[in-house]
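Some features that Swiss-Prot has for this protein:
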type: ACT_SITE; residues: 461; note: active site, charge relay system
type: ACT_SITE; residues: 489; note: active site, charge relay system
type: ACT_SITE; residues: 551; note: active site, charge relay system
type: COILED; residues: 104-146; note: coiled coil
type: COILED; residues: 587-614; note: coiled coil
type: COMPBIAS; residues: 805-814; note: compositional bias 'Polar residues'
type: MOD_RES; residues: 693; note: O-(5'-phospho-RNA)-tyrosine
type: TRANSMEM; residues: 154-174; note: transmembrane segment
type: TRANSMEM; residues: 239-259; note: transmembrane segment
type: TRANSMEM; residues: 286-306; note: transmembrane segment
type: TRANSMEM; residues: 313-333; note: transmembrane segment
type: TRANSMEM; residues: 344-364; note: transmembrane segment
């Protein structure tokens, strides 16, 4: 092939075409056969080099040329080979930078392909294993023998026997016989009528004269108890006529026997006990002694009762001897069993002896029954004696809002900065040396360095804890060692011997800080910025647009001499640490001998001074050395806060002085027009919404939310003003006045509920070649409506900002630019048909601008439908929408999404179905079918029927997110005990256990005084709800992305779709229907929650259930309670309920400080189990009644029947399960109602007030010394004192009175608030929040229940975790792992808008609302 066609080993080799083409032409078949084993499908570099430069050669052969080939190997190395005429000989490798970069990418691609191949093989193997296991499972099931079911169940035989036994019980009474005739019956009837008429006349006269006495009232009650109101010929009279022949014990025994047969696990033992109780005559007295018995003592009692039936004296003797014999002969048992057996024998002796005495004296055992019950009650009541208590909870998920803050100096500073305008002036030319810069690459990220002397200087935080770093200079990578890091944020790296920079920087001998220059490499581009600097001690500050990767850059004067090292990265304000010649060399530390000598001399001086003046020694004892050795974390925090306070004060003073000329108020200008600056615009604005904060704890925030969060921080610092537009929304007008009681709506009128509200300043983006729509919304564009000063500002920035004047043709764009990810999905025939509208529906602009492209796309669509191959559609539609965007038209994919058509794969609403069967609240009743198989409803709940629904009851999905392959392997494995929930039918059944623990008593009757005190405390605490209003249903707000329940969920996946289709008419119609007196029964939909929980709970099928109601029903609840809920959120800082609480911007510390400032000695953290489900229904209804009493008096009476209907449907819920089963729930506070959290807060507080009165009595003065914060079932309290055995007593009280569950260990009482938890955060020494369960957060990252859409989402989630871990220990495994993951994902992002990581200053602004201060 010499002098023939060039040789290429593969297609990539031909594409790259590295090296000499002449060398490729010299390749012969022998040379090709003997080629080294380079990487398959990789490029090589061919060189044609003089032979004498490679092989030792003399004579004419010196100038002959040989072929040299350079390529890469499988192990990641590369080499060069020369052909000596016979074979390829390896020579010293020749460096080719382009080849090295290409080989690196090829190796990475090959590694990914190999990983994909292994994953596919593993998947195929696992699939085959699953099939084998399925076949084996079927085979084993066939081998299991199925027992023949009994033809007649044994329990029915037992029931028949019991019924026969009870029917033969003698129960007659001897009565006198009377002879009656028809005349005597007529006389008796007339007499009864006359007496009844006389009584009625007397009663009416007394009513007319209002002369009702107490005896009359007692007679009325007596008549009611005697059923005197029942007519003589009523069927109840007949029932009572036959029942009175039986004693009460017989009836009770009959009912108890039936219940025993149906539900008892030991029906034989229970029935024998009933029979022996009846035969012996002890009857009711036996029942209260049952809990004292064991199995053995129960049979002893049954035997003695049978013996008593035949010989009572023998039975009494044996009963008295039984405890004595038991004490002797059962002493071999362990203590717990021994005590239980003896207690049962003593109970037996008391029953036999006492029962015999009662039967002998009175003929019945009723008195013994009363005595035993009284003893049990006294024993139970003595457990709850206590003095004081306070309770606090810890593990809730909180929704965040920003607290209202008063106007202060810092706020005025930012507002003055907004009014100041931009700087003007002319900067001089500066000297820069790009050849003196390099890039420092570490596993944690990249930074900038510069050459000075024999060292490479950079920032210490760029180097981190690494001993060796990679230095990238002019495309080559060198490994260098970190030489020295002083106390400043500076690091000195030894320059490698083979690195020869073209320029070096020198230190400035006469520093001039008036104007500084910062130069650095950002994304391989050199960036330079000049600014005026301010000196603050050993640091500089200047206003530059700092970017990631600039840390460590040199800060030079105008002559190019180094002044400082750039270190701060907050996005706007830059900072640097001044570098001195003394920083280059470490200070020699004194030897150990010298240190010991100094220590001895210092101790001698202290001894001498102590003898002369002891007080002086005490005050002057600490020295510099000891101070450094005794510094703790709190001291460091205080020092940093002091430094930040001093820096901010200096910075504010300097800026105010510079901006003073611009702050003069012009004459004749009131500045109250539409363009005025709203100083209190951020007052009351949420940093995060409640839903977003809850997501933050579980799964992080999305990209847009994080960008808005960072924009708010930057906006505060950069000082862009917010402007009022023409439709400015007055925040003082809360809208309550528009919803009067008698407002009538015309349903035919189209009502526009949109309201213009102020929008934040737009985000500043990089300049683009063509004007973007963001340019039209920049704050400077609105400055034409300002005064002359702002017009001058606009002229200053004119060269750097796009102008609105003279737009070019088609320069405007519609919406956002199309993104390829939105088009890259599996297209089907429906997508292809609906992507383009019919030709008559195209606009004239579409035909003129996009006509040819639309015709081309129609051809592609027709071909795709015929061949059923839609792979070409995404790219074609994307190109069309891209052209439409550039022409200022709406994209066709966006048009399809904006048509509000019914969601895909959902049924359309049946046209023949009436409104009452589709929109009404009880539409489900007409679809209800008879009950069938019970699959997901437990046996102790009724099965009302089945509804046609297509929903899965199995979920075994554990997604595998490929993006997690970018993250490093974790070394901390505590997260493995958590995982995403999966379930089957058993999980639905077990989820109903949340409603059961213990049965509550009638505490309103048993403890009326304590309940009255709890009511007083609740009315006092929530008195700000007085005179709240019912609002109109169209003015309510709720989450419209929720499931609209059945049957609307068959046709719409969200309430938003339902509202778009039908508007407010169904809502108003159903509200009017209820208002007129109708009481429809609402259907709730139940589903299990997909979340991260412990694997043990998943194995036990312990998954939380969620119920949601019809959106119309929820909106009606919002009408009644939205005003109160809004007020509760506004009073978060002063009230106990933290429904509007936010841990951000100092909210957490302010809340904790509130409890600490109370001055009490103890702090209590309290936590319930199954709180929502075990709330007593009577208490829940009572709290709802308290809330309703706060409503305006007129509206309270007008809408009372609506409120009663609403609460009835909360407590008696008809629930639909995904299996189609319909059941009834009558317990707990449903999680899907409109005011779940607010109701839980009030119940939590009411229970605490009840506990206080229970332990301390209704002491109102003492109650005022307590303070508490609650959120749902979370509670954190402070109290002056705590009684002994507080934990045991309060646990027993909740179980026995309210039937609520508090586990041991969930009540924590300490003398310090540090270490206690509230809403998922643990309080540290600085009252800052630390995540209580970081292992759960790590599980949600590495074992998610939902795959993240893209890399930006993963990076945003990591930023959320960095935010949550802000106050964790620096060496905590979770925090270290998050930082490591951020360094990985930041390298893969390109122009995403998200920061590589949140800086320390940004974290402080988010958590504290500003820089770290000395006062916290």
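Cβ coordinates are placed from backbone N, Cα and C, and glycine is handled just like the others.
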Residue 461 (active site, charge relay system): secondary structure state under DSSP, collapsed to three categories: helix
Cβ neighbours of residue 551 (active site, charge relay system) where a neighbour is any other Cβ within 10 Å: 27
CB contacts for residue 489 (active site, charge relay system) [other CB atoms within 10 A, all chains]: 21
For the coiled coil (104-146), mean pLDDT (0 to 100): 86
In three-state DSSP terms, the structure that residue 551 (active site, charge relay system) belongs to: coil
